[in-house]
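Here is what Swiss-Prot records for this protein:
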| type | residues | note |
| --- | --- | --- |
| BINDING | 327, 328, 329, 330, 331, 332, 333, 348 | ATP binding site |
| ACT_SITE | 383 | active site |
C-alpha cells in the first residue's frame, strides 16, 4: 500500500467489511449445503434433482454478490464512499480473515463486490486483492477430528483388501453394495495389472479425501497411495447398478485419467470442503502441472478459478515477450478469436455485426454461453471464463490483431494509457481445431478424430444438446485426444428441435436444384443433409461410415429426443468403458447378470 494508515478509525469501514464477509459466509454455507444435499440425492438415485442442484449452485455466487451490493448501496451509499474509507474497508476485511477457513475465496468475493461498485480505475492494490493477503499454507479444518481434509490408512496392519474395504465403507453411503468383496477384488486386480509386484515400503499408506466428489450418476473417492518416494493417484467411481444398489465401477490409477475427469470440458463436482485450499493442494499432488485455477473451477469454485486464472495471465505477461495474434484456422462469422502463442488459451469476443446467414444478437449468444455453463458438459463442451474490462498492453498486441479488433468490435474497445481495454470477452483452453487435425493427420489420427467426433455428437445428443453447426472447425481436440465442441452460437436443446427426413423430390427439377424444395422451419433439423459437409475427404468418409454410418439417419436423433422427452437420463462415463470392472473383469460378474445399470450385456458385448 502507498500510505498504510497508522490507525483504522473508520467504523463504517469496519461495518462494511463485516457485512461483506457475512455475505461471503452465507454464500459458502449454501455451497457446502449443496454438497451435503448431493449425497442425499445420489443415495436416492434422484438424477434430475442432482442436475437441478448443480445448476442452482452455479448462479448462487452472483446472487449473493448482487444482494451484498444492493445492501451496501442502500445502507452505506457505497458508490460515494471516499478513498480513505475504501482503503480501511480492505484492511478491516484482512483482519477479519486471519482465522478464516476460506480466506482466498473470501478475498475473491470482496473483489467481486468492489468491481460492481467501483470504476475499474480503482482496481488497484489499495482497494482490491490483486494478490492474496492471507496465506492458506497449512490451513486445516477445525471441525471434529472425524472430518479432516483427508484420512490416512495403513494397509500394513490389516492388509490392502481390508483397508480398501474400510475406505469405501467409511463414507457411510446408505444404499447397500451389490458385492463389495467382489469390487475390492477387482480393485486389487487392477492395481496388480497396473503395477505388478508391489513391494510395500515402511511408509506405505493411503490418503483419501474425506468428502465424496459427486457428478452425473457417480460418487468419486479420490486419494493417493504413498510408497517410499512414489505418489500414486487414484479415483474410484461408485455407481448405482440398479435402483438402490451400489458398486465400485472401476479404479483409475493413471494421472492422465484423473486429469480427464477433472478436465475443463466436464461439469463441476459437488464436494463438501471445509478448507478448499487444502483440497486443492491435495489434488495438486496427484495432478502436478494442472493449474490451481482449473482445479478450483472443477470443484465448483469457478469464481476463485477465474480470479487465479487472471493472476496467472498477468504473471505470464510479465515473464514473456511474444504478442497476441489472430488465432490460426478458419475465421468465425460471430466470434473474433485471438491467442498468445506462449499461453495455452484462446480469447473470444462477440463481433459487433454478423454477416448473413447468421441471424442472432449479442444477447442471444451470451445466453447460449450461459446455457453451456449451466448444462452438464459431459467432457464434450469446453468451459469458458467470462471477463469484463480486460486491459491488455498495446505493445503486446500484433498490429494485424489490433486492426481486426478495430474493424470487428469497435464498440467493445477503449484506449487507456498504454492499454487496450476490452469490455467483454470469453477465455477457453486452446485446442487443435478438428478440421486442421484431420487435414494434417495420419490415417491413425483420422480414425481417432472421426470416431471421437461421432461419439462427441452422439453424447451431446443424449444430453439434450444439438450443436447447430456441425462443421469440424467448431470442434477441437484436447491434449488428451478427446474431441470437444466449442462454438455455441447456434446451440439448441434437442427437445426443442424438429427432427425431419428430407421429403422425396417432386420432380427432376427438384432433384437437380441446389436449394431445398421443401419448407424449413427455424427449429427443423435434417440429419440426412450433413453428409456433404462432413464427408468431402475420401479418407474421412471411409472412417466415418465405418464407425458412424447411423449418424445421418433421422431415427437415431429422434430416438434420443424421445428418450429425453420421457425423462430418461443416459449413463455417461468420463473414462473408456473398457476400464469398467463389469467389462474388464466380466467373469467376476457372471453371478450378477443384472449388474451394470441395465446396460451390462450391451457393454460386455461391445
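Cβ atoms here come from the backbone N, Cα and C positions, even for glycine.
Cβ neighbour count for residue 327 (ATP binding site) (all protein chains, 10 Å cutoff from its Cβ): 20. In this structure, 328 is the one among the binding-site residues 328, 329, 332 with the smallest number of other Cβ atoms inside 10 Å of its Cβ. The number of other Cβ atoms within 10 Å of the Cβ belonging to residue 330 (ATP binding site), over all protein chains shown, comes to 13. For the pair formed by residue 383 (active site) and residue 348 (ATP binding site), distance between Cα atoms is given as 13 Å, rounded to the nearest Å. Secondary structure at residue 330 (ATP binding site), as computed by DSSP, is coil.
When other Cβ atoms within 10 Å of the Cβ of residue 348 (ATP binding site) are tallied across all protein chains shown, the result is 23.
Cβ-based neighbour count (10 Å, all protein chains) for residue 331 (ATP binding site) stands at 12. Counting other Cβ atoms within 10 Å of each Cβ, the lowest count among the recorded positions 333, 383 belongs to 333.
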